[in-house]
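> Attaching a single structure in C-alpha coordinates format; questions to follow.
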Amino acid sequence: AAEEPEELPLPTEEPQHEKPQTEAPTSEAAPVQAVLEELRVSSVTPDSVQLQWTVPKGSFDSFTLQYRDAQGQPQALPIDGGSRSVTVPGLSPSHRYRFHLYGLRGRKKIDHVSTEVMTGKGEASEEPLPSEPQQEKPQTESHVSEAPPTRAVLGQLKVSGVTPNSVQLQWSVPEGSFDSFTLQYRDAQGQPQTLPIDEGSRSVTVPGLSPSHRYRFHLYGLRGRKKIDHVSTDVMTEEPEELPLPTEEPQHEKSQTEAPTSEAAPVRAVLEELRVSSVTPDSVQLQWTVPKGSFDSFMLQYRDAQGQPQALPIDGGSRSVTVP
(Lines of atoms letter the chains of each structure in order from A; the text may use other names.)
(Lines give C-alpha, C1' and ligand atoms only; values in the text may rest on other atoms or scores of the structure.)
Protein backbone atom coordinates (compact mmCIF):
# COMPACT_ATOMS: atom_id res chain seq x y z
CA ALA A 1 0.00 0.00 0.00
CA ALA A 2 2.89 2.36 0.71
CA GLU A 3 3.92 2.23 -2.95
CA GLU A 4 0.52 3.51 -4.16
CA PRO A 5 1.47 7.15 -4.81
CA GLU A 6 3.92 6.17 -7.54
CA GLU A 7 1.20 6.37 -10.19
CA LEU A 8 0.11 9.76 -8.97
CA PRO A 9 1.12 12.94 -10.83
CA LEU A 10 4.27 13.46 -8.75
CA PRO A 11 6.41 10.27 -8.51
CA THR A 12 7.43 9.15 -5.04
CA GLU A 13 10.97 8.35 -6.06
CA GLU A 14 11.88 12.02 -6.14
CA PRO A 15 12.01 12.85 -2.42
CA GLN A 16 14.95 10.54 -1.75
CA HIS A 17 17.05 12.26 -4.41
CA GLU A 18 15.88 15.67 -3.44
CA LYS A 19 16.40 15.56 0.30
CA PRO A 20 20.05 16.63 0.00
CA GLN A 21 18.76 19.80 -1.74
CA THR A 22 21.98 20.46 -3.59
CA GLU A 23 20.20 22.98 -5.85
CA ALA A 24 20.93 26.61 -5.02
CA PRO A 25 17.73 28.07 -3.53
CA THR A 26 16.60 31.69 -3.89
CA SER A 27 18.62 32.72 -0.83
CA GLU A 28 22.35 33.25 -1.08
CA ALA A 29 23.14 30.92 1.84
CA ALA A 30 23.01 27.14 1.73
CA PRO A 31 19.41 25.96 1.68
CA VAL A 32 17.69 25.44 5.02
CA GLN A 33 16.51 21.90 5.32
CA ALA A 34 12.69 21.78 5.30
CA VAL A 35 11.05 19.10 7.41
CA LEU A 36 7.45 17.83 7.50
CA GLU A 37 6.11 16.13 10.61
CA GLU A 38 3.00 14.63 12.14
CA LEU A 39 0.24 14.21 9.59
CA ARG A 40 -2.66 13.93 12.03
CA VAL A 41 -6.39 13.45 11.59
CA SER A 42 -8.24 16.33 13.26
CA SER A 43 -11.78 15.28 12.27
CA VAL A 44 -13.60 12.58 10.31
CA THR A 45 -17.12 12.43 8.84
CA PRO A 46 -18.64 9.81 6.52
CA ASP A 47 -17.60 11.86 3.47
CA SER A 48 -14.66 14.02 4.55
CA VAL A 49 -11.43 14.02 6.53
CA GLN A 50 -9.60 16.97 8.05
CA LEU A 51 -5.81 16.60 8.34
CA GLN A 52 -3.20 18.71 10.15
CA TRP A 53 0.59 18.77 10.04
CA THR A 54 3.59 20.71 11.31
CA VAL A 55 6.72 22.14 9.69
CA PRO A 56 9.21 22.18 12.58
CA LYS A 57 12.11 23.26 10.39
CA GLY A 58 12.41 25.36 7.22
CA SER A 59 9.49 26.13 4.92
CA PHE A 60 7.84 24.84 1.76
CA ASP A 61 6.53 26.72 -1.28
CA SER A 62 3.48 24.46 -1.43
CA PHE A 63 2.15 21.05 -0.47
CA THR A 64 0.31 18.35 -2.36
CA LEU A 65 -1.90 15.70 -0.77
CA GLN A 66 -2.16 12.46 -2.69
CA TYR A 67 -4.50 9.54 -2.14
CA ARG A 68 -6.64 7.03 -3.99
CA ASP A 69 -10.41 7.46 -4.08
CA ALA A 70 -12.84 4.62 -3.35
CA GLN A 71 -12.59 3.56 -7.01
CA GLY A 72 -8.79 3.31 -6.76
CA GLN A 73 -8.19 6.40 -8.90
CA PRO A 74 -5.22 8.58 -7.86
CA GLN A 75 -6.17 12.06 -6.61
CA ALA A 76 -3.92 15.04 -5.89
CA LEU A 77 -4.94 18.11 -3.88
CA PRO A 78 -2.65 21.17 -4.20
CA ILE A 79 -2.27 23.19 -0.95
CA ASP A 80 -0.57 26.55 -0.44
CA GLY A 81 2.69 26.72 1.50
CA GLY A 82 1.24 28.63 4.45
CA SER A 83 -1.42 26.01 5.26
CA ARG A 84 -1.11 23.56 8.12
CA SER A 85 -4.47 21.82 7.65
CA VAL A 86 -6.74 20.68 4.82
CA THR A 87 -10.24 19.24 4.51
CA VAL A 88 -10.60 16.45 1.93
CA PRO A 89 -14.24 16.34 0.74
CA GLY A 90 -16.13 13.85 -1.44
CA LEU A 91 -14.98 10.65 0.27
CA SER A 92 -16.96 7.42 0.69
CA PRO A 93 -18.29 6.27 4.08
CA SER A 94 -16.63 3.38 5.98
CA HIS A 95 -13.63 3.36 3.62
CA ARG A 96 -9.94 3.23 4.54
CA TYR A 97 -7.79 5.89 2.86
CA ARG A 98 -4.03 6.34 2.89
CA PHE A 99 -3.02 9.99 2.56
CA HIS A 100 0.47 11.14 1.52
CA LEU A 101 1.41 14.77 2.14
CA TYR A 102 4.40 16.11 0.20
CA GLY A 103 6.23 19.37 0.93
CA LEU A 104 7.45 21.04 -2.29
CA ARG A 105 9.99 23.66 -3.23
CA GLY A 106 9.14 24.69 -6.76
CA ARG A 107 8.03 21.39 -8.27
CA LYS A 108 10.47 19.31 -6.21
CA LYS A 109 9.29 17.10 -3.38
CA ILE A 110 11.51 17.71 -0.37
CA ASP A 111 9.85 15.65 2.36
CA HIS A 112 6.71 13.60 2.90
CA VAL A 113 4.53 12.13 5.64
CA SER A 114 1.66 9.63 5.45
CA THR A 115 -1.30 8.50 7.50
CA GLU A 116 -4.23 6.10 7.23
CA VAL A 117 -7.82 7.09 8.03
CA MET A 118 -11.14 5.26 8.07
CA THR A 119 -14.12 7.48 7.22
CA GLY A 120 -17.24 7.38 9.40
CA LYS A 121 -20.26 5.19 8.75
CA GLY A 122 -22.81 6.63 6.34
CA GLU A 123 -25.85 5.76 8.41
CA ALA A 124 -25.19 8.19 11.24
CA SER A 125 -27.96 8.76 13.74
CA GLU A 126 -29.20 12.36 13.80
CA GLU A 127 -25.88 13.97 12.90
CA PRO A 128 -22.84 12.60 11.06
CA LEU A 129 -20.63 13.00 14.13
CA PRO A 130 -22.06 11.39 17.30
CA SER A 131 -23.79 13.95 19.46
CA GLU A 132 -21.36 14.11 22.36
CA PRO A 133 -22.09 17.62 23.65
CA GLN A 134 -23.94 16.37 26.73
CA GLN A 135 -20.93 14.45 28.03
CA GLU A 136 -18.52 17.21 27.15
CA LYS A 137 -20.35 20.21 28.57
CA PRO A 138 -18.81 19.76 32.03
CA GLN A 139 -15.39 20.32 30.36
CA THR A 140 -13.48 18.68 33.18
CA GLU A 141 -10.43 18.23 30.95
CA SER A 142 -7.77 20.88 31.47
CA HIS A 143 -6.65 22.23 28.10
CA VAL A 144 -3.78 24.45 27.04
CA SER A 145 -4.25 26.83 29.97
CA GLU A 146 -2.97 25.88 33.42
CA ALA A 147 -6.20 27.05 35.03
CA PRO A 148 -9.44 25.11 34.63
CA PRO A 149 -10.81 25.78 31.14
CA THR A 150 -13.16 28.71 30.79
CA ARG A 151 -16.69 27.76 29.88
CA ALA A 152 -17.38 28.26 26.15
CA VAL A 153 -20.92 29.04 25.07
CA LEU A 154 -22.52 29.31 21.64
CA GLY A 155 -25.19 31.98 21.14
CA GLN A 156 -28.36 31.58 19.10
CA LEU A 157 -28.00 30.24 15.53
CA LYS A 158 -29.86 32.82 13.41
CA VAL A 159 -30.76 32.85 9.73
CA SER A 160 -29.42 36.02 8.08
CA GLY A 161 -30.27 35.19 4.46
CA VAL A 162 -32.17 32.61 2.42
CA THR A 163 -32.28 31.97 -1.34
CA PRO A 164 -33.70 28.97 -3.24
CA ASN A 165 -30.31 27.22 -3.09
CA SER A 166 -28.40 28.70 -0.15
CA VAL A 167 -28.78 29.74 3.46
CA GLN A 168 -26.66 32.20 5.43
CA LEU A 169 -26.36 31.57 9.17
CA GLN A 170 -24.93 33.71 11.99
CA TRP A 171 -24.06 33.02 15.61
CA SER A 172 -22.26 34.56 18.55
CA VAL A 173 -19.90 33.29 21.23
CA PRO A 174 -21.06 35.21 24.32
CA GLU A 175 -18.69 33.39 26.65
CA GLY A 176 -15.28 31.74 26.24
CA SER A 177 -13.86 30.67 22.87
CA PHE A 178 -13.69 27.69 20.53
CA ASP A 179 -10.84 26.30 18.42
CA SER A 180 -13.20 25.74 15.48
CA PHE A 181 -16.80 25.09 14.52
CA THR A 182 -18.53 22.48 12.42
CA LEU A 183 -21.94 22.80 10.77
CA GLN A 184 -23.84 19.59 10.17
CA TYR A 185 -27.03 18.97 8.21
CA ARG A 186 -28.67 16.50 5.86
CA ASP A 187 -28.97 17.32 2.17
CA ALA A 188 -32.20 16.93 0.18
CA GLN A 189 -31.28 13.26 -0.42
CA GLY A 190 -30.93 12.66 3.34
CA GLN A 191 -27.13 12.34 3.19
CA PRO A 192 -25.22 13.85 6.15
CA GLN A 193 -23.04 16.84 5.26
CA THR A 194 -20.36 18.54 7.37
CA LEU A 195 -18.91 21.99 6.84
CA PRO A 196 -15.74 22.80 8.88
CA ILE A 197 -15.55 26.48 9.93
CA ASP A 198 -12.53 28.31 11.36
CA GLU A 199 -12.52 29.74 14.88
CA GLY A 200 -12.76 33.40 13.85
CA SER A 201 -15.95 33.00 11.84
CA ARG A 202 -19.36 34.08 13.11
CA SER A 203 -21.30 33.42 9.91
CA VAL A 204 -21.35 30.87 7.10
CA THR A 205 -23.11 30.52 3.74
CA VAL A 206 -24.29 26.99 2.93
CA PRO A 207 -24.43 26.58 -0.88
CA GLY A 208 -25.87 23.85 -3.10
CA LEU A 209 -29.24 23.47 -1.36
CA SER A 210 -32.56 22.54 -2.97
CA PRO A 211 -35.43 25.03 -3.32
CA SER A 212 -38.54 24.79 -1.09
CA HIS A 213 -36.83 22.27 1.22
CA ARG A 214 -36.70 22.30 5.02
CA TYR A 215 -33.21 21.86 6.49
CA ARG A 216 -32.14 21.42 10.09
CA PHE A 217 -28.70 22.86 10.79
CA HIS A 218 -26.59 21.93 13.84
CA LEU A 219 -23.63 24.16 14.71
CA TYR A 220 -21.03 22.68 17.07
CA GLY A 221 -18.32 24.60 18.89
CA LEU A 222 -15.16 22.48 19.23
CA ARG A 223 -12.05 22.49 21.36
CA GLY A 224 -9.60 20.17 19.68
CA ARG A 225 -11.84 17.35 18.47
CA LYS A 226 -14.30 17.68 21.35
CA LYS A 227 -17.75 19.18 20.86
CA ILE A 228 -18.29 21.62 23.73
CA ASP A 229 -21.62 23.23 22.89
CA HIS A 230 -24.15 23.16 20.10
CA VAL A 231 -27.11 25.13 18.73
CA SER A 232 -29.62 24.22 16.02
CA THR A 233 -32.12 25.90 13.75
CA ASP A 234 -34.65 24.95 11.07
CA VAL A 235 -34.72 26.80 7.76
CA MET A 236 -36.93 26.47 4.69
CA THR A 237 -35.22 27.48 1.43
CA GLU A 238 -37.19 29.75 -0.87
CA GLU A 239 -39.23 28.68 -3.87
CA PRO A 240 -37.43 28.90 -7.22
CA GLU A 241 -37.76 32.56 -8.21
CA GLU A 242 -38.97 33.72 -11.55
CA LEU A 243 -36.27 35.76 -13.20
CA PRO A 244 -37.06 39.47 -13.67
CA LEU A 245 -38.48 38.84 -17.15
CA PRO A 246 -40.79 35.81 -17.23
CA THR A 247 -39.58 33.18 -19.66
CA GLU A 248 -43.06 32.79 -21.15
CA GLU A 249 -42.87 36.18 -22.86
CA PRO A 250 -40.70 35.26 -25.86
CA GLN A 251 -43.27 32.75 -27.15
CA HIS A 252 -46.03 35.36 -27.18
CA GLU A 253 -43.75 37.93 -28.71
CA LYS A 254 -42.37 35.77 -31.49
CA SER A 255 -45.55 36.33 -33.51
CA GLN A 256 -44.68 40.07 -33.41
CA THR A 257 -48.26 41.16 -34.07
CA GLU A 258 -47.36 44.61 -32.76
CA ALA A 259 -46.56 47.10 -35.50
CA PRO A 260 -42.79 46.91 -36.06
CA THR A 261 -40.66 49.91 -36.85
CA SER A 262 -40.58 49.06 -40.58
CA GLU A 263 -43.69 49.51 -42.77
CA ALA A 264 -43.40 46.00 -44.28
CA ALA A 265 -44.38 42.75 -42.58
CA PRO A 266 -42.04 42.03 -39.67
CA VAL A 267 -38.84 40.18 -40.51
CA ARG A 268 -38.28 37.19 -38.25
CA ALA A 269 -35.38 37.94 -35.85
CA VAL A 270 -33.01 35.13 -34.91
CA LEU A 271 -30.38 34.87 -32.16
CA GLU A 272 -27.51 32.41 -32.49
CA GLU A 273 -24.29 31.23 -30.93
CA LEU A 274 -23.92 32.56 -27.40
CA ARG A 275 -20.17 32.01 -27.00
CA VAL A 276 -17.70 32.69 -24.23
CA SER A 277 -14.93 34.91 -25.59
CA SER A 278 -12.95 35.38 -22.38
CA VAL A 279 -13.05 34.35 -18.72
CA THR A 280 -11.37 35.78 -15.61
CA PRO A 281 -11.88 34.75 -11.96
CA ASP A 282 -14.58 37.43 -11.55
CA SER A 283 -15.93 38.18 -15.04
CA VAL A 284 -17.07 36.54 -18.27
CA GLN A 285 -17.23 38.04 -21.76
CA LEU A 286 -19.96 36.67 -24.03
CA GLN A 287 -20.54 37.10 -27.76
CA TRP A 288 -23.50 36.28 -30.00
CA THR A 289 -24.73 36.73 -33.56
CA VAL A 290 -28.01 37.88 -35.13
CA PRO A 291 -27.99 36.06 -38.50
CA LYS A 292 -31.50 37.25 -39.42
CA GLY A 293 -33.55 40.33 -38.60
CA SER A 294 -32.79 42.65 -35.72
CA PHE A 295 -33.69 43.25 -32.08
CA ASP A 296 -34.50 46.51 -30.30
CA SER A 297 -32.51 45.39 -27.24
CA PHE A 298 -31.20 42.32 -25.40
CA MET A 299 -31.52 41.12 -21.83
CA LEU A 300 -28.98 38.78 -20.20
CA GLN A 301 -30.29 36.88 -17.19
CA TYR A 302 -28.41 34.68 -14.73
CA ARG A 303 -28.20 33.80 -11.04
CA ASP A 304 -25.31 35.08 -8.95
CA ALA A 305 -23.25 32.89 -6.59
CA GLN A 306 -25.88 33.43 -3.88
CA GLY A 307 -28.65 32.23 -6.19
CA GLN A 308 -30.12 35.73 -6.66
CA PRO A 309 -31.51 36.46 -10.13
CA GLN A 310 -29.64 39.17 -12.07
CA ALA A 311 -30.64 40.92 -15.30
CA LEU A 312 -28.31 42.96 -17.52
CA PRO A 313 -30.00 45.18 -20.19
CA ILE A 314 -27.97 45.47 -23.44
CA ASP A 315 -28.63 47.77 -26.40
CA GLY A 316 -29.84 46.26 -29.67
CA GLY A 317 -26.65 47.06 -31.58
CA SER A 318 -24.37 45.11 -29.23
CA ARG A 319 -22.98 41.70 -30.07
CA SER A 320 -20.93 41.19 -26.90
CA VAL A 321 -21.15 41.92 -23.20
CA THR A 322 -18.85 41.62 -20.18
CA VAL A 323 -20.54 40.31 -17.03
CA PRO A 324 -18.66 41.77 -14.03
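We number each residue from 1, going along the chain as drawn.
Including glycine, each Cβ sits where the backbone N, Cα and C put it.
Feature table excerpt (TrEMBL):
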type	residues	note
COMPBIAS	134-144	compositional bias 'Basic and acidic residues'
DOMAIN	35-128	domain 'Fibronectin type-III'
DOMAIN	153-242	domain 'Fibronectin type-III'
DOMAIN	270-324	domain 'Fibronectin type-III'
REGION	1-30	region 'Disordered'
REGION	73-92	region 'Disordered'
REGION	116-150	region 'Disordered'
REGION	234-265	region 'Disordered'
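Relative to the rest of the structure, where do these features sit?
Per DSSP, the domain 'Fibronectin type-III' (153-242) is made up of 0 helix, 52 strand, 38 coil.
For the domain 'Fibronectin type-III' (270-324), the DSSP-based tally of helix, strand and coil residues reads 0 helix, 39 strand, 16 coil.
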> What are the DSSP helix/strand/coil residue counts across the region 'Disordered' (73-92)?
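The breakdown for the region 'Disordered' (73-92) reads 0 helix, 11 strand, 9 coil.
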